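Participant: Following this message is one structure expressed as structure tokens.
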Amino acid sequence: MDCFNLYKHFDTDFDFGFGFLFFNMLCLFLLFLLGLMNWFFKWLVMHSRELNCGFCSKDGFDLHSGSKVGSCKPWKNYSALPDMDMPEEIAEENDENHEEEDGNGEDKVFDVFTLRKMVKDERRKAKCAELELEKERMASASAAEEAMAMILRLQKDKSRIEMEFKQYKRLAQEKQHHDQEVIRWLQWLVSKQELSSESVAMEDKLRFGGQSWKQFMMMNNGDSSEDETSTWCSPNPHFHHEIRRRLFSSLDLDLSLELDTN
């Protein structure tokens, strides 16, 4: 609580920079205390191990696989210690402990060999998996390239088909326009042929009417020959009007057809 009050006092009296510096120093001090406590705890553990083992001599340190750190083993020859009586139970326990340590050492060696074998197997499996992945990657890359080539080929075919469709459409439109022109021209020819046939029929009728009128006048016995000749020269005016109307209507139809074709 005192530390908290002091920190609060510094935080309120001084600016933010000094308070932040003080907080950092306090954190460093706490870390130093934690390290010191950890070191002290390790020293207590080591001291307790030394008390359990008895004491460490030069013969008690063994070097394993070139390491520079020795292990403290319990004293085997308790009879060599001065003024110390060794019970038989303790000796038996020590022998059992040595046998267990030897068995543990063999187990450790066996475990090391098995672990090495397992590591080799795992590495071999990893290499096989990498090879399989590489094959899959190559196959996927080739499949992607084939798909892209197919897409490009389909796009080219599509563009070619579209161009051909446009050409065929234009040709069909031109052919349709030409067919319409041909149909109009044929219709004009048919109408002209009909008009010519009608005009020929009218001429035939006029000729036949003139002949019949002449015969009628020759057969008729009248008093004045001049009236007969004048009547022959000037027939019925209504009949002449009908002939003129038909002739003019046929001419108008010919002119209208010619304008349509132009």
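Counting starts with 1 at the first residue shown.
Using N, Cα and C of the backbone, Cβ positions are placed for all residues, glycine too.
Predicted automatically and left uncurated, TrEMBL annotations should be read as such.
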Participant: If you look at how TrEMBL annotates this chain, which of 119-171, 172-224 comes out as coiled coil?
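Facilitator: Checked against TrEMBL: coiled coil maps to 119-171.
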Participant: Counting each residue once, how many in the domain 'GTD-binding' (110-210) are helix, strand and coil under DSSP?
Facilitator: 101 helix, 0 strand, 0 coil
